[in-house]
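Have a look at the structure below, then the notes.
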Amino acid sequence: METTRLSLLSLLPFLLLAIAAEATGGELSTYIVHVQAEENRVFGTADGRKAWYHSFLPDHGRLVHAYHHVASGFAARLTRRELEALSAMPGFLSATRARTYTTLTTHTPEFLGLNVEQGRRNYTSEFGAGVIVGVIDTGIFPDHPSFSDEGMPPPPAKWKGRCDFSGTSCNNKIIGARNMVAALNGPNGTSARVPPVDEFGHGTHTASTAAGAVVPGANVLGHAWGTAAGMAVRAHIAMYKVCYGKVFVDCEDADILAGIDAAVGDGCDVISMSLGGPSVPFHLNPMAIGTFGAMEKGIFVSMAAGNSGPGESTVINEAPWMLTVAASTMDRSIRSTVQLGNGAYFHGESLYQPNVGFCPLVYAGASGKPFAEFCGNGSLDGFDVKGKIVLCELTKNISVINQGEVVESAGGVAMILASPFFRGYDKLAQENILPASSVDYLATAAIKSYLNSTANPMARMGFRGTLLGTSPAPSIVFFSSRGPNRQSTGILKPDITGPGVNVLAAWPFQVGPPSAPVLPGPTFNIISGTSMSTPHLAGIAALIKSKRPDWSPAAIKSAMMTTADITDRSGNPILNEQRVVANLFATGAGHVNPMKAADPGLVYDITPEDYVGYLCSMYTSQQVSVIARRPIDCLTTVVISDRLLNYPSISVAFPASWNSTAPVVVRRKVKNVGEVPSVYYAAIDMPSSAVSMDVFPRELDFVEEGQELTFSVYLWPRQSATRAVQGALRWVSEKHTVRSPISVTFA
């Protein structure tokens with residue numbers, strides 16, 4: 001009887017919620033509600049603002065999050081009928097139903113030209129000193145040596161955050177750690193604070209990539225040996241857990257907005273978010289709204305471009321006030337080699353590398369079951385793969401670990417992971433529970449041809465460990481999402497690319513199958529995604545912020561974009577997954593060059609009011625007010641079209657019916673942050689057969705530091721113009737080259 005009574009008590013809250021939902025007309029859902037106070041109403045405290053939020057709700061228990069810094073509003077559990085009643089109340093602006101987002105899931109500092117050993121030995125060098133990087137992710141594993149505070153100074157005096165871990169888990173490296181997940185903490189944090197433990201690994205990896213400490217002897221299953229370090233080894237880290245789950249991760253946008261709000265209130269300088277959802281208008285996008293508020297407070301925000309490439313217009317996080325980061329490869333391979341019975345061999349990638357001698361080779365698709373080629377659960381039942389190497393097709397819908405489990409349970413000894421055409425020449429090094437080699441599309445086609453040409457196909461696998469200096473590198477990886485920008489065609493996205501393939505960083509758990517040798521020392525993992533490139537750029541932003549603390553987020557972004565590399569390590573144009581030259585919709589301005597970004601010569605700056613004028617060219621006054629968190633009247637605002645926003649890149653879209661002889665004029669303003677006096681000369685890189693281009697003036701003379709000068713770009717489309725034309729404008733001085741990519745498209 002006692003057990004029954006306890007069970008009923010545990011169900012009581014859910015029964016009460018069900019009764020309340022029935023009484024109020026429907027099922028309870030979480031909504032993000034934006035409200036606007038009367039013009040003369042001032043809130044002296046956060047509690048005063050929260051009390052006002054409560055006045056919109058049927059009872060206090062419905063409040064999930066109260067936003068104070070980056071949004072004027074709250075998240076609450078409401079029925080549709082209650083929301084309709086709330087929407088009629090004075091001060092209501094808009095409401096959106098909460099959506100679930102996803103994560104977008106070493107050698108890197110040396111590849112980027114950063115000397116991490118100097119950062120460890122010489123604590124007078126910047127390396128992000130004094131800068132606080134807020135990471136909004138799945139939590140953190142604080143006991144990893146990547147978060148050691150050896151040699152770290154105390155947090156800056158401005159820091160207002162807290163640590164939800166007990167004991168000494170937080171230190172001078174991890175200075176803040178908060179759990180923002182309402183499902184774990186209860187409505188509006190009413191339950192005891194739950195520590196932001198990373199159960200998935202993603203947040204630990206991204207945090208250590210951005211600002212992890214120097215850790216010698218890092219490796220994954222004996223591969224990629226070296227010194228692991230974040231981009232900004234002396235920066236502080238604040239973790240905001242907004243995602244939860246061990247296998248499938250949920251990140252609710254109401255929690256994400258709460259994470260941004262807390263990071264701004266706590267005093268972060270840089271925010272790194274490797275999260276993404278659908279492309280929606282900015283006034284309906286909590287991440288766009290929250291990061292606008294962060295930008296207004298001078299906080300730089302690095303965001304993932306998305307992992308839905310290589311298709312066009314797949315880029316997400318498109319707002320101009322955030323840095324949108326694509327993913328590219330490094331010059332490192334975790335090499336595996338597949339040799340066929342006819343002597344042909346093909347190089348692949350793998351983290352788990354026990355050698356496999358010659359065995360029969362079989363194609364999973366030959367089992368005859370629907371979709372068996374993907375080696376999903378049950379697909380190999382009744383199909384003889386015992387003692388054989390199995391060729392499985394890679395797919396987004398089944399993880400390689402799951403494919404390995406299926407092959408192993410059916411008796412297979414190893415697996416070749418076959419790439420579809422859209423992956424091109426790209427291969428990813430991934431852990432598995434049995435020997436597995438990921439091969440590119442060309443190798444896939446050859447292996448299938450061999451299977452069809454012989455009655456007794458055989459294969460073996462050999463492994464060569466880690467190879468450095470591979471080429472081409474960097475190149476754009478297949479999964480990196482591409483432009484054009486769906487929300488604002490006059491803003492070129494992504495902005496820039498950085499290392500996002502086979503990135504080694506801290507990990508909370510042991511990697512590999514139970515049979516893999518357990519090596520002494522801390523655990524690391526190698527994973528890929530724009531999730532990995534995003535914290536690289538956040539860390540580099542921290543380096544610049546440390547050196548130039550007075551620079552705005554737009555100035556830091558400009559410094560990165562205008563100094564980015566457009567060639568690979570061999571001096572050739574950056575290629576994509578098909579080994580053809582990547583366009584601006586894949587690379588953005590190019591591959592980040594941290595050393596040049598620290599001294600760009602000129603910057604394109606943008607004020608918060610400029611962004612408001614830009615938003616007024618797209619949305620109604622009420623919609624802009626939601627983003628700006630204050631009343632905006634677009635009729636009295638200087639409206640700025642997207643192509644005229646003072647962005648470091650230029651994007652112009654001509655309608656198909658364009659027949660005017662007049663040029664499209666794009667105006668820009670640059671600020672001198674380099675030497676004085678200095679003279680910059682315009683250099684135009686544009687296919688003249690497609691688009692005619694001119695610049696006036698052709699020369700910019702700077703005589704003062706901080707001096708700003710304007711110029712105009714004139715573009716005339718020609719009759720022979722193709723669907724898209726891409727080029728650049730370079731301002732060249734004795735010391736600097738300031739490059740702005742230019743995209744011209746025809747609808």
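Each Cβ is built from the backbone N, Cα and C atoms, and glycine gets one as well.
Remember, predicted model here, so these are calculated numbers, not experimental data.
Annotated active site, charge relay system per TrEMBL: Asp137 (among others), in sequence order.
Sequence annotations record features per position, and here TrEMBL assigns active site, charge relay system to His202 (among others).
Positions annotated as active site, charge relay system by TrEMBL: Ser531 (among others).
What TrEMBL lists as domain 'Inhibitor I9' is 30-102.
Here TrEMBL flags 128-572 as domain 'Peptidase S8/S53'.
Residues annotated as domain 'PA' in TrEMBL: 360-444.
Annotation source TrEMBL lists domain 'Subtilisin-like protease fibronectin type-III' at 645-744.
Annotation comment: TrEMBL describes 1-23 as signal peptide.
His202 (active site, charge relay system) sits 7 Å from Asp137 (active site, charge relay system), taking the Cα positions as reference.
If you draw a 10 Å sphere around the CB of His202 (active site, charge relay system), it holds 27 other CB atoms from the protein chains shown. Under 8 Å, Cβ to Cβ, and six or more positions away along its own chain, Asp137 (active site, charge relay system) finds Thr103, Asp198, His202, Gly203, Thr206, Ala207, Met239, Tyr240, Lys241, Val242, Cys243, Ser272, Met273, Ser274, Leu275. According to DSSP, the secondary structure content of the domain 'Inhibitor I9' (30-102) in residues is 20 helix, 26 strand, 27 coil. When other Cβ atoms within 10 Å of the Cβ of Ser531 (active site, charge relay system) are tallied across all protein chains shown, the result is 30.
The domain 'PA' (360-444): residue composition by secondary structure is 24 helix, 20 strand, 41 coil, according to DSSP. Residue counts for the domain 'Subtilisin-like protease fibronectin type-III' (645-744) under DSSP, split into helix (H, G, I), strand (E, B) and coil, are 0 helix, 59 strand, 41 coil.
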